[in-house]
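The structure appears below as structure tokens.
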Amino acid sequence: MAPQLLLCLILTFLWSLPEAESNVFLKSNVANRFLQRTKRANSIFEEIRPGNIERECVEEKCSKEEAREVFQDNEKTEAFWTVYVDGDQCLSNPCHYRGTCKDGIGSYTCTCLPGYEGKNCEHVVVKSCRLFNGNCWHFCKTVQNDTQCSCAEGYRLGVDGFSCIAEGDFSCGRIIKSRNKREASLPDFHFSDDYDAIDENNLVETVQSQSATLLKKSDNPSPDIRIVSGLDCKLGECPWQAVLIDEHGKAFGGGTILSPYFVLTAAHCLNQTKSIAVVVGQVDISRKETRHLLHVDKAYMHSKYVRATYDHDIAILRLRTPIQFSENVVPACLPTADFADEVLMKQDFGIVSGFGRLHERGSTSDILKVIRVPYVDRYTCMLSSNYRITPSMFCAGYGNQPQDACQGDSGGPHITAYGDTHFITGIISWGEGCGRKGKYGIYTKVSNFIPWIKTIMRRNQPSTESSTGRL
């Protein structure tokens, strides 16, 4: 009896299965009345429907143009797209010290707060003089992760710790507008019988070319070379300009006023005449009746000067009587070596002045000329010359314009302005012709000789120095 009952139960279960399936699963025509989905591809109304980022880019893969149609904004599209393509790189917050992260495709960019740098803003920036000269008006020095400003002689540091305040009426490097147009009559000129080339404990000596090591590539550079196509320098606009006068009363070179007793010039100028006098404060040297000649007491030539190649072409003249400063006579400031190399010589232009030839084969000028000359990078400088450009030299000029220093300008100033202060950066030395295409003027690099200049001036300072001077 039991087997028969079990068989009946099995048959009953099998008979009920189709009915159970029909109760659970609806037929397709019935199901479609409840479940409907609009087809995406090739829909007739697809292009006229308003953009929807979920429909466009979530339900299916979209292009950047489709995303742009949704946002109608390039910036929002870029922000979405960088995350959509490969995820948000900024989710891990990779930027340190509260830096702001911006996602990119396969990368990210951190915008750091002031004082931090690096890909992830991970480096604390030490205050550096290389950044805007530490905001210093003159000289900058890094001290224990901070910057310390200082000023040229004749200036004091302002209370803000950055500015430099002139202490006198004629502090160095200042161009002062003259109110007095009258020039007083000055004594007749008189020449010193001679001047001495002093050996200052091996700091200076007269160098014979035959004993020097020649550094040239071929023949010697043009002697006494070094304004062509310059503008007239008005009275008071080049107040540091000195003119060298020979024993015949003729101008033959230039110099830069450093203090009441000292004038900077080129070493090769010392070989041009038996005696030297200096004139300052003039822009027209044809007016000999207004000249006041300052007699050279001693001349200090750099001990490493090479006459054949103009290497170390620098000298200092000490005057018997001091220069009287005025609106038209002001010394140039002497920079520190670091300030000259890292700040001044990275400016676009320097200023060159002189009474030299107006063109290569022309006559010298009675009127002081001035030009702006751009600094030339060292590689271009070396390629342009047939002669070796030593570390004590630099190039300035246009290369493709006839504006240059020329014969008779030798020893004159190359000045660079920083703010309202003018610093001596070079000495007109030599060149291959004047204003030739592809050629530049060669200048003695003053920053290489700052310790030498200061030593000469300190050791040979007259005890009767005028109080108007600035060393």
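Any Cβ shown, glycine's included, is placed from N, Cα and C.
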| task | Could you pull the disulfide partner of Cys151 out of Cys140, Cys149, Cys164, going by Swiss-Prot? | result | Cys164
| query | Looking at Swiss-Prot, which of Cys381, Cys434 bridges to Cys395 via a disulfide? | reply | Cys381
| note | Annotated as N-linked glycosylation site in Swiss-Prot, from the list Asn145, Asn271, is Asn271
| Looking only at Glu60, Glu65, Glu66, Glu75, Asp313, which of these recorded positions has the biggest number of Cβ atoms within 10 Å around its Cβ? | Asp313
| task | With DSSP as the yardstick, break the domain 'EGF-like 1' (86-122) down into helix, strand and coil residue counts. | result | 5 helix, 10 strand, 22 coil
| Three-state secondary structure, which DSSP defines for Glu66 (4-carboxyglutamate) | helix
| message | Just to verify: the residue among Cys90, Cys121, Cys149 with the fewest other Cβ atoms within 10 Å, which of the disulfide-bonded residues is it? | response | Cys90
| Hey, which of the disulfide-bonded residues Cys238, Cys381 is the loneliest by Cβ count within 10 Å? | Cys381
| note | Of the recorded positions Cys62, Glu75, Cys95, Cys110, Cys136, within 10 Å of Cys121 (disulfide bond) (CA to CA), in sequence order, we find Cys95, Cys110
| task | Can you figure out which of Glu69, Cys112, Cys136 (the recorded positions) comes closest in space to Cys57 (disulfide bond), comparing Cα atoms? | result | Glu69
